[in-house]
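What follows is one structure encoded as structure tokens, with my remarks underneath.
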Amino acid sequence: MEAVKLGNKFHPHSSYTNSSSFSNTHFGLIKFRKTHIGFEPKIPKKWTSLSLCGGERLKKEIFLEKKQRDFSVKCTAEGIERGLLVGGRSDEERKFVVAERFKVVALMACVMCLCNADRVVMSVAIVPLAAKYGWSSSFLGIVQSSFLWGYIFSSVIGGALVDKYGGKKVIAWGAALWSLATLLTPWAANHSTISLLAIRAFFGLAEGVALPSMNTLLSRWFPSHERATAVGISMGGFHLGNVVGLVLTPLFMSSVGISGPFILFSSLGLLWLTTWINRVTNDPQESNSITKAELRLIQAGKSDSPPLKKGELPPLRLLLSKMPTWAIIFANVTNNWGYFVLLSWMPVYFKTVFNVNLKQAAWFSAVPWGTMAFSGYVAGAASDFLIKAGYSLTFVRKVMQSIGFIGPGVSLLCLNYAKTPEVAAVMITIALSFSSFSQAGFLLNMQDIAPQYAGFLHGISNSAGTLAAIISTIGTGFFVQWLGSFQAFLTLTACLYFVTAIFWNIYATGERVF
């Protein structure tokens, strides 16, 4: 048989031609597996017993194996980019891993829920306290507004601290202090009226840092096209806090006493704090748990985001020199005016206007807030959808804020004609559902126009809004005592919504200003 010399070995010519082709093909596949899959080169045992006639069958098997491994690697990579790890080297290793940014927003939603639950407890507890101590309607407004006395000061200071130190530490200290104040509220009420007003003011001082911390922290953990949804989820927790507080407070007061709900929510706040400190960082780049793929996804979606501010105080005069800043301030004023009127006075409203008992009033007041939590998420998702579809930030912010003001204004006018508690609850539900669209309007607009000073700008606008909330909360009490009904104040609030909507559409922008 004719043979061909190759090195120091001899091979049959016909066999050499075919086996050379076979050898080059399959050793190439071994090299490919090492480069792209990461396995060490290894010749399968089944290759050693192959005859020439089985070469085609082996090629097909190797091609199918390679295709399956490539598909597995591709799915794994795509899963990490989307926030879930899917697949593994074996069925036993396949698992789902939640992305770190979704853990952050879940914890943020929890603390925002506790933030509002702690706040709304007093709206229910004030009814038996007023009966016990003989407080008038006007004095009820003063007690309700005492929370805002501290809140108005901590908004600016808290916003500046968030810009300098990040949201993690600031909101952690805030949660610790407001949980302590919640725990001490029943003792203060039994001690004296002055003690109650002081502890409520301290409570507001601690809670003033919550919203600036949330806004800044989420802007660093989420890309721009997911930010509205993240804020919607967090604010959904905030609004659900109203439901939790309004529903659980009467139940615990009837079974444990007035101190029951205060002890419950303060304990939950301290429990949340232990998880937050160990799991969350100010910036995703500081996290030890985040994957490289998720970090790339976040950074690619917020390339215009500045580094964490460590230096001097933001320029107040510069911020106040631009009309987009005033559009945000007036929007916050109007939003807080209407929000705190409904938050503080709804149990009293249902009790005095429709003569329902405290538990029924709590349920009628809770349903609108639960709906608001859902509609806030819808608003965020709709906003992100419009941005992904190519609409400008200015257009999206104006549309969302217009819905957030015109809708509540019309609903409050209709509330004046409600004859039953059921109809009134529907009108308030519609008003608050539309109001939640403001989360995708002015609340996000702070990061749009001043990403470096968003916390400080939030503090400024929130302080102005808090002052408006104090006036509206106290003013409602005096109006009710003076005129004997809520109608005049509801009409005034509706008009304020309409005027601010016009101002917003004239001066607001989604472009970066500072």
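In case you wondered, yes, glycine gets a Cβ from its N, Cα and C as well.
Unlike curated entries, TrEMBL annotations are predicted automatically.
Residues annotated as domain 'Major facilitator superfamily (MFS) profile' in TrEMBL: 104-512.
Taken from TrEMBL, the feature transmembrane segment covers 104-127 (among others). Residues 140, 143-144, 147, 171, 175, 178-179, 182, 185, 200, 203, 207, 210, 214, 217-218, 221-222, 230, 233-242, 244-246, 248-250, 253, 258, 261-262, 265-266, 268-269, 272, 275-276, 279-280, 343-344, 346-348, 351, 358, 361-362, 365 of the same chain lie 6+ residues outside the transmembrane segment (104-127) yet bring a C-beta within less than 8 angstroms of a C-beta in it.
If you look up TrEMBL, you'll see 139-163 (among others) marked as transmembrane segment.
Panel annotation: around the transmembrane segment (170-188), residues 111, 114-115, 118, 121-122, 158, 161-162, 195-196, 198-200, 202-203, 205-210, 212-214, 217, 258-259, 262-263, 265-267, 269-270, 272-273, 276-277 of the same chain, lying at least six beyond its termini, place a Cβ under 8 Å from a Cβ of the stretch. Feature annotation from TrEMBL assigns transmembrane segment to 170-188 (among others).
Here TrEMBL flags 230-252 (among others) as transmembrane segment.
Within its own chain, the transmembrane segment (258-277) is flanked in space by residues 107, 110-111, 114, 117-118, 121, 124-125, 128-129, 168, 171-172, 175-176, 178-180, 182-183, 185-186, 189, 245, 248-249, 252, which lie at least six positions past its ends and keep a Cβ under 8 Å from the stretch. Annotation comment: TrEMBL describes 258-277 (among others) as transmembrane segment.
Residues annotated as transmembrane segment in TrEMBL: 326-346 (among others).
The annotation transmembrane segment is assigned in TrEMBL to 366-387 (among others).
The transmembrane segment annotation in TrEMBL covers 424-444 (among others).
Residues annotated as transmembrane segment in TrEMBL: 456-480 (among others).
Within the chain carrying the transmembrane segment (486-507), a Cβ under 8 angstroms from the stretch's Cβ atoms is held by residues 323-324, 326-327, 330-331, 333-334, 337-338, 341, 345, 349, 353, 398, 401-402, 405-406, 408-410, 412-413, 415-416, 441-442, 472, 475-476, 479-480, all 6 or more beyond its ends. Taken from TrEMBL, the feature transmembrane segment covers 486-507 (among others).
Counted over residue pairs separated by six or more positions, the transmembrane segment (366-387) shares at least 3 Cβ pairs under 8 angstroms with the transmembrane segment (230-252), which defines the two as touching. If you look at the transmembrane segment (230-252), the same-chain residues 6 or more away from its ends with a CB under 8 A from one of its CBs are 101, 105-106, 108-121, 123-125, 214-215, 218, 221-222, 260-261, 264-265, 343, 347, 358-359, 362-363, 365-367, 369-370, 372-374, 376-381, 432, 436, 439-440, 443-444.
Within its own chain, the transmembrane segment (326-346) is flanked in space by residues 119-120, 123, 141, 144-145, 148, 242, 320, 361, 364-365, 368, 401, 404-405, 408, 412, 428, 431-432, 435, 438, 441-442, 445-446, 449, 457, 460-462, 464-469, 471-473, 476, 486, 489, 493, 496-497, 500, 503-504, 506-508, which lie at least six positions past its ends and keep a Cβ under 8 Å from the stretch. When Cβ-Cβ distances below 8 Å are used as the criterion, the transmembrane segment (424-444) is approached by residues 211, 215, 227-228, 231-232, 235, 239, 327-328, 331-332, 335, 338-339, 342, 346, 349-350, 353-354, 364-365, 367-369, 371-373, 375-376, 379-380, 382-383, 396-398, 400-408, 411-412, 414-415, 418, 461, 504, 508 of the same chain, each at least six residues removed from its ends.
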